[in-house]
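Down below is the structure, laid out as structure tokens.
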Amino acid sequence: MSLALETAKRRTFAIISHPDAGKTTVTEKLLLYGGAIQMAGAVKSRKTDRGATSDWMKMEQERGISVASSVMQFPYKGAVMNLLDTPGHEDFSEDTYRVLTAVDSALMVIDVAKGVEDRTIKLMEVCRLRTTPILTFINKLDREGKEPIDLLDEVEDVLKIGCAPMTWPIGMGKRFKGIYHLYNDTVRIFATAEGQRASEGELIEGLDNPRLDEILGDQAEELREEVELVRGASNEFDLELFLAGELTPVFFGSAVNNFGLQELLDGFEKYAPAPKGRETETREVKADEDKMTGFVFKIQANMDPAHRDRVAFMRIVSGKYEAGMKLKHVRIGKDVKIAKAITFLANKRDQAEVAYPGDNIGLHNHGTIKIGDTFTQGEELKFTGIPNFAPELFRRAQLKDPMKMKALQKGLTQLSEEGATQLFRPVNNNDLILGAVGVLQFEVVAQRLKDEYNVTCLFEPVNVSTARWVIGPQAEIDKFTKKVTENVAYDAADQLVYIAPTRVNLTLTEERWPELQFVATREH
Ligand code: G4P
């Protein structure tokens with residue numbers, strides 16, 4: 001099949017939601033449609049990632065599962081779906097942001113009783129940066145919740161996006177009887193799903209069908225009236241507006257009962273965009289270009305602690321990947337033969353023979369590949385827009401056994417290459433300062449240093465409140481580095497960073513050095 005046809009079939013997306021809304025359950029059920037039954041069970045076992053640190057650790061011990069479920073590919077009708085997992089815990093949000101740079105659309109899952117929650121708001125902001133089209137699934141209709149009309153208003157008000165209901169629920173909680181598809185004019189009667197089977201409620205054609213009155217009784221008439229009201233009061237679906245990120249098609253259902261998800265998947269297949277190109281520093285790369293290009297958006301280290309290997313996840317932007325092909329690793333200027341990439345079709349972690357734009361492949365390496373790296377078939381390109389955020393919390397690594405310094409350095413460096421934490425080395429001393437966006441990360445790092453590097457270390461407070469990457473003319477940077485030695489450090493990529501003891505100090509420094517820029521995000 002041609003590159004263009006294969007590309008057109010791809011739908012690459014991630015789920016954005018607040019913890020507990022049902023992301024894990026939705027993921028699991030979606031995979032059922034692709035025949036990935038076993039995989040679905042595996043997803044369940046890693047739902048612990050929203051729990052305490054120890055749970056997260058346990059999950060990480062099942063690393064084999066977690067890498068396979070970082071990227072899940074499954075066929076659906078004529079489409080090939082690529083679902084990218086995003087870490088559940090808030091402390092891993094930086095990782096989430098980067099995963100969102102590798103998708104073309106997103107699925108927003110909302111709990112019918114809770115409505116729009118914090119984390120959804122934040123993630124939506126991120127999607128907006130790249131005008132990612134969003135589909136919405138309102139979950140848990142088998143429970144009592146907010147009135148659907150009110151909920152759509154809430155989404156529109158809070159998230160500033162129009163809602164176009166595609167399906168409409170018939171009652172909720174104990175009275176939940178099914179959904180009506182506003183565009184197909186069909187009613188699907190609610191049936192609960194046993195275990196891992198997909199539920200298949202009766203499908204009734206036409207809102208006027210007397211069969212509806214038979215099954216729904218009074219609720220049939222209620223539904224007819226409500227549908228008329230909804231049609232009058234809500235937005236009609238408009239593909240252009242959806243693709244522009246201004247309108248979201250909304251589907252209702254119950255994930256745990258695998259109900260309403262098929263309609264959602266149909267929506268993905270029909271409306272979600274095929275893989276788009278990406279910007280580089282010099283030009284835009286289009287998905288239909290023949291030459292292969294891709295960028296790395298995620299690294300997972302120590303898949304196998306005994307071998308210290310890590311997998312770099314690369315999104316293919318253009319062209320076709322074939323096993324054994326030679327690619328240029330642009331940052332280090334080297335050609336590498338990619339013989340053993342991993343693909344993620346259904347439940348198997350298989351060696352990739354071929355992959356197309358929108359697909360992701362996993363590259364084994366020993367630390368040579370970093371987040372943000374570009375691979376091409378020779379062209380000097382650098383994809384942009386994969387952010388590194390200035391951390392907000394800082395701790396100094398304090399070693400129990402001074403003989404283990406080397407191992408500590410190595411561990412901290414490698415773990416920060418996964419992207420969740422950042423390592424800073426001050427220019428005037430041998431401290432190792434770790435920066436993170438959430439406190440949990442320090443615990444996770446300490447635990448992993450012990451498990452994977454056999455190093456016991458504590459993280460103690462350090463007098464740093466914020467960090468900024470320093471950019472400007474080299475002469476000025478040299479002057480600056482000499483002058484304020486005590487507050488400058490290098491990050492893992494040897495970029496100069498100002499580590500400010502206080503916000504006030506940062507402001508003063510910015511004023512004092514007008515030729516330099518102090519930036520809060522660095523692009524990989
Ligand atoms: P998350 O990944 O977004 O954090 O959510 P997850 O899927 O783990 O779901 C959170 C809880 O909501 C789970 O219950 C799950 O079973 C439940 N849930 C998901 N979809 C539905 C639904 O359609 N209806 C109802 N009533 N509940 C739903 P839990 O008690 O935390 O876990 P479990 O013991 O049920 O596994």
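Here, residue 1 is simply the first one shown, and the rest follow in order.
Cβ coordinates come from backbone N, Cα and C, glycine included.
Since this is a predicted model, take the numbers as computed values, not measurements.
Features of the protein shown, as given by TrEMBL:
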- 17-24, 85-89, 139-142: GTP binding site (BINDING)
- 8-276: domain 'Tr-type G' (DOMAIN)
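Everything TrEMBL records as a feature, shown here on the structure.
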residue : record           : contacts (Cβ under 8 Å, 6+ apart)
S17     : GTP binding site : K23, M108, V109, I110, R119, T120, L123
T86     : GTP binding site : A14, I15, I16, D95, T96, V99, L100
L141    : GTP binding site : V112, P169, M172, F176, I179, F252, G253, S254, F259, G260
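Residue density at D20 (GTP binding site): 14 other Cβ atoms are found within 10 A of its Cβ, drawing on all protein chains shown. Cβ contacts within 10 Å of K23 (GTP binding site), excluding its own Cβ and spanning all protein chains shown: 25. For ligand 1, the neighbouring binding-site residues among D20, T86, L141 are D20, by Cβ distance under 6 Å.
DSSP gives S17 (GTP binding site) a strand state.
In the three-state DSSP reading, L141 (GTP binding site) counts as coil.
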